[in-house]
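*Asks:* Here it is: the structure, laid out below.
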Amino acid sequence: MKIKTRFAPSPTGYLHVGGARTALYSWLFARHHGGEFVLRIEDTDLERSTPEAIEAIMDGMNWLNLEWDEGPYFQTKRFDRYNAVIDEMLEAGTAYKCYCSKERLEQLREEQMAKGEKPRYDGRCRHSYEHHADDEPCVVRFANPQDGSVIFDDQIRGPIEFSNQELDDLIIRRTDGSPTYNFCVVVDDWDMEITHVIRGEDHINNTPRQINILKALNAPVPMYAHVSMINGDDGKKLSKRHGAVSVMQYRDDGYLPEALLNYLVRLGWSSGDQEIFTREEMIKLFSLGAVSKSASAFNTDKLLWLNHHYINTLEPEYVATHLQWHIEQENIDTRNGPQLAELVKLLGERCKTLKEMAQSCRYFYEDFSEFDADAAKKHLRPVARQPLEVVRDKLSAITDWSAENVHHAIQATADELEVGMGKVGMPLRVAVTGAGQSPALDVTVHAIGKTRSIERINKALGFIAERESQQ
């Protein structure tokens, strides 16, 4: 049997991390078994579905590199198919027209709740032989079995059973002629030959209804696996107050897709004590049997740790392709300065996100108008004038501009003046970067460049002279 899974989001908002994890698990299961992965957009909610949400879902899937083999299919383009199946069910007697008014249904609901009963349709029109005009408004309901039970072997949770007496006759077509979500899903899974439905636990109650419709259609019933929800680190359902919940917001915040995927796969699944997984390892090791039944807690600190790991272990050239977007957001012109791959090497240890990296690299490419006030007050004092003058001259004398030779120039200055390296290094750091923190000074000065470094030292000396004149 060829394994075939699907990810079927509703385009009523962004792709959130819970949906992304479901997509990842479905994708991994298909890839592990050499099967196929289908993307389906469940846009039957015409009022809430938007083109912007569809684009956001596609952007998120593409950024995570969860490529699909079929689709995207859109349910709104398949209404003719759904209605044809409903008409066949009406002919076969597995569905019927219901003419009950909203007022009657509301009264029925209130009476049942007053008795402490679960609200459900009482089947009045199922057994009615009243004549109705062809144009009289009605819905179509599925004639759910009235006895027995539905049992399915959830691939994560084990056997789950529902009594058919708990299930009412589901509306499968509205009065406006549009098919409903639960029915469209069934026909789609049937037509697309889906073998395994992997989705959130909030769909468990839909499953027996969908299985009954499939059986009424003499269609194969797929295997089901329901993934537990994701909570915040406080144990409550994950929401915006816990931080970002949109996949693309994590992109905007400077995370690499590899970090988010690695984090999401471990959010409910494990393989021994292993924490770091390549995509190839995920595909090789993934199984539904190792997915936890319990809710997972989202831990941003752990995700940040993973992101820092990947910034420093992936190829710098690859990381640079993702850094480029953040550089553009900061409006930094990188034509006059180090290559971005070199920047990744320089700042990788110091920066946990690409956004942080982009926001802290401007001095490599652009001159600054003023020094950081605290750093200048502490390190650009009259006592720093001589070390800066000497190191400037030694840097000017370098013919082979390299980090090693820059280091020798700084060391030689300290030796000549018989002072510690900090007496030279800290004023030099503030002079060339404008601030008191940077990567190793020799590689920083080398990356900034000879001409620009000397110009900035002269600017710092001018700052010191002005400071002296005001004393």
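Yeah, the Cβs are placed from backbone N, Cα and C, and that goes for glycine too.
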*Asks:* Which range, 9-19, 108-118, 119-129, 174-184, does Swiss-Prot list as motif ''HIGH' region'?
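*Replies:* Residues 9-19 are the ones Swiss-Prot records as motif ''HIGH' region'.
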*Asks:* Match it up for me: which of 77-81, 237-241, 272-276 does Swiss-Prot list as motif ''KMSKS' region'?
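*Replies:* Within the set 77-81, 237-241, 272-276, Swiss-Prot attaches motif ''KMSKS' region' to 237-241.
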*Asks:* When you measure from the Cβ of Cys100 (Zn(2+) binding site), which residues in the chain that are at least 6 apart have a Cβ under 8 Å away?
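*Replies:* Within the chain, Cys100 (Zn(2+) binding site) has Cβ neighbours under 8 Å at Tyr121, Arg124, Cys125.
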*Asks:* For the recorded Zn(2+) site formed by Cys98, Cys100, Cys125, His127, name the remaining residues of the chain with Cβ within 8 Å of the site's Cβ center, in chain order.
*Replies:* Tyr96, Lys97, Tyr99, Tyr121, Gly123, Arg124, Arg126, Ser128, Arg141
*Asks:* I want to check the contact list for Cys98 (Zn(2+) binding site): same chain, sequence separation of six or more, C-beta distance under 8 angstroms. What comes out?
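*Replies:* Listed in sequence order, they are Tyr121, Arg124, Cys125, Arg126, Cys138, Val139, Val140, Arg141, Asp169, Ile171.
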*Asks:* Under 8 Å Cβ-Cβ from His127 (Zn(2+) binding site), six or more apart in the same chain: what's there?
*Replies:* none
